[in-house]
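Please read the structure below before turning to the comments.
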Amino acid sequence: MPTSPPDHILALNAGSTNIKFALFHLDQERAPVFEGCVDGIGGGNGCFRVAAANPEHSFARRFGIPERYNAAQVLTDWLVEHVAPGALAAIGHRVVHGGPGYWVPQLLDAAIRQDLHKLTPFDPQHLPLELLMIDTLAQKFPAAPQVACFDTAFHHAMPRLARMVAIPRRYEAIGVRRYGFHGLSCAFLVDELERLAGRPAAHGRVILAHLGGGASITAVLDGKSVDTSMGMTPAGGLPMSSRSGDLDPGLAWYLERTEQLSPKQFNHMVNHDSGLLGISETSGDMQVLLAAEKDDVRAAEAVALFCYQARKTVCAMAGALAGIDTLVFSGGVGEHAAQVRARICDGLGFLGIVLDPARNANDAAVISPDDSAVSVRVIHTDEQRMIARQVGQLLQARQAGGAVLP
């Protein structure tokens, strides 16, 4: 009896504390067969949840996930049970950092996987879990090609001045430059903006505010990145859930001298103990802080600092674009925290940014008035779908005998 050809793409999005995943048909625009997340890695209150097209297959359960290996194993075991080995045309992975050498999706072979392991110093917070998932799934689904989709790729063609770091030029030779991140989200949002508002809107002066546990703001012109708030690593730019964002470089030297803080300890602090968590001393979760800010000045200051820095960054990106036509909010905070959107936009009237309070409170698709000079939108991002799209394009190019799409 003939077997059906592989007709699904599995998309994996491994972060520092969670792994998101989705199974798509080769026609990536259909609803996923299932999607889910293993969350809370490194804590005692992890959650594994799945939302399936068939509601009977949806579930959520909580348990401790002490380390990355456990999370990868939990997810892989579930996938082996629920995905037929012959069903996968390919497995796509979000790889946060492509370093200086990778800016298009890559079919993973042993040489490229070895190269990616060498890139770990660029992003020790994300790459180890991503590489663990790649290696684990290669063992469990050996017949399925694996593809790396790079989060830095969207920003690869930023103008040279936006990429430069003002330290001795010789360090550029070893990859020291501004890379930018959340590129898969940015690419999806540009596509979605064109679908919703037309090509002129998507190719105008657009600022994308991806605000979640990680947060960055990107200036886009003609559908391409012009500048972005994150730099060489995802720790730069805005203060985030537990990441500091931009800091005076003298701080590392000062804390080493006065507090004997080693480079390793400093790196841990700015990635895991800072941002909203560091300022509030209670939580890096924006919704928790919003609920507590009335009675807790530390929570209030954490929220206020985040909104203040985001507002400044929107202004900086408008400067890079010489104006703004559209502002897009996305990510967990950008999509669901109306108060945060309002506070960021408060005072930006000089740029033409005005909100309709009722629309904003209801998380409407367009939250600016109809006659506003700047369209302000809320768009749900979908990095897993963008991974599936890029994998599908690569597969089509290979089948047609072409090169990897730029």
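Note: Cβ is positioned from N, Cα and C throughout, glycine not excepted.
Sequence annotations record features per position, and here TrEMBL assigns Mg(2+) binding site to Asn13, Glu383. The annotation ATP binding site is assigned in TrEMBL to Lys20, His210, Leu211, Gly212, Gly213, Gly214, Gly332, Val333, Gly334, Glu335, His336. Marked as substrate binding site by TrEMBL: Arg94. The active site, proton donor/acceptor annotation in TrEMBL covers Asp151. According to TrEMBL, the feature site 'Transition state stabilizer' maps to His182, Arg243.
All features noted in TrEMBL, drawn onto the structure.
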residue : record                             : contacts (Cβ under 8 Å, 6+ apart)
Asn13   : Mg(2+) binding site                : Ile19, Lys20, Phe21, His93, Arg94, Glu383, Gln384, Ile387
Asp151  : active site, proton donor/acceptor : Arg94, Val95, Val96, His97, Gly98, Phe181, His182, Gly183, Leu184
Gly213  : ATP binding site                   : Gly15, Thr17, Met240, Ser241, Ser242, Gly284, Gly332
Arg243  : site 'Transition state stabilizer' : Gly214, Pro234, Ala235, Val270, Asn271, Ser274, Gly275
Gly334  : ATP binding site                   : Ala209, His210, Leu211, Gly212, Val340, Arg341, Val378
His336  : ATP binding site                   : Gln287, Asp363
Max CA-CA distance, Å, over listed ATP-binding residues Lys20, His210, Leu211, Gly212, Gly213, Gly214, Gly332, Val333, Gly334, Glu335, His336: 19
Residue among recorded positions Arg94, His182 with least C-beta crowding, 10 angstrom cut-off: Arg94
What's the number of neighbouring CB atoms sitting within 10 A of the CB on Lys20 (ATP binding site)? 20
Tell me which of the binding-site residues Leu211, Gly332, Glu383 sits in the most Cβ-dense spot, judged by other Cβ atoms within 10 Å. Leu211
